[in-house]
Amino acid sequence: MSGNTFGTLFTVTTFGESHGPAIGCVIDGCPPGMVLSEADIQFDLDRRKPGTSRHVTQRQESDTVEILSGVFEGKTTGTPIALLIRNEDQRSKDYGNITETFRPGHADYTYWHKYGIRDPRGGGRSSARLTAPVVGAAAIAKKWLLEQYGTTFKGCMSQLGEIAIPFESWEHVPNNPFFSANASILPQLEAYMDDLRKNGDSCGARIDVVAENVPIGLGEPIYDKLDAEIAYALMGINAVKGVEIGAGFKSVAQKGTEHGDELTPDGFASNNAGGVLGGISTGQNITASMAIKPTSSIRTARHSIDKDGHPIMVETFGRHDPCVGIRATPIAEAMLALVLMDHALRHRAQCGDVKVSPPPIPASSR
């Protein structure tokens, strides 16, 4: 397989490049009969799209989605759903100086050695532009999961560069370009980003994502454990270099008396497991975090080599996000939704008739 398809029963195959005519995806396995329109998909695409603030790339893309197939008279038919998003604001001349060189931290070097050819315009297939159709596909998954189980998704940025962002309220997240759950820290974040751009540099970020009202039983041990699939999905997002589930690396310093989530008739007393035990969802919130590296495309000159192996200095021009993490929250939600959608269908197919006693306890005792 060439690595362009995600999922087992609910599959998403993406296509296109950053500076091609269009990008898109084909979704297979969506159950029939669900009411669906472009408006159901556009909301999340608008949350992810570029050009929405001075702190992200100024490439102006409307990211307007077109449904080409799989929907008839406003309902899904159970056949493949094709989504198309046309590229409208390519500026390929910005990449003329890197066609024969390799940008440090980018996929240029590895794509060249793997395929023997590469598209240097905006990173081609390796561009984060290709997360747009993924977000579109996940909007369909989110809608189905909400209607079937009441499952909802939310995320926020919890760190920008060196600045930790204390959590205040989810209510703040939709009201700022950073997806920050803290309103008072916004001036500091804006000043930090302005300094980065002025100095021709970039930074990383940490994104937290949560799924609520997740049914118990999702996950396929041993090799398709739910937390393993979530980690796999989040690591597949551009620039992600680390993933935590639940307490994550904090688990190292915890004692067993602290880490193990106690069960009571009223619910779980804590959620260090992040909603997954033995690779199977517990019915608690699924919680995960991901670390995003600094953007590799910066205006500061860096050492590299050209295709002939000669030493050179590389400066990257063009319109780039000084922190790709600023627009990553909807993408993290999307990948989590695709995992849960796929596993919901897999669980329903094999274990949909299973009933045990006692019934599941509440997600939380608090």
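From the backbone N, Cα and C atoms, a Cβ is placed for every residue, glycine too.
These features come from Swiss-Prot:
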type	residues	note
BINDING	R48, R54	NADP(+) binding site
BINDING	R125, S126, S127, N238, A239, G278, K293, P294, T295, S296, S297, R319	FMN binding site
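Remark: of the binding-site residues S127, S297, the most isolated position is S127 (fewest other Cβ atoms within 10 Å of its Cβ). In this structure, the C-alpha atom of R54 (NADP(+) binding site) lies 17 angstrom from that of S297 (FMN binding site). Among the listed binding-site residues, namely R48, R54, the Cβ with the most fellow Cβ atoms inside 10 Å is that of R48.
Sequence-distant contacts of A239 (FMN binding site), defined as residues of its own chain at least six apart whose C-beta falls under 8 angstroms from its C-beta, comprise A128, G204, I292, K293, T295, S296, V324, G325, A328. Taking only the Cα positions, the spacing between R48 (NADP(+) binding site) and R125 (FMN binding site) is 18 angstrom. Within 10 Å of the C-beta of K293 (FMN binding site) there are 17 other C-beta atoms, taking all protein chains into account.
Secondary structure from DSSP puts S297 (FMN binding site) in coil.
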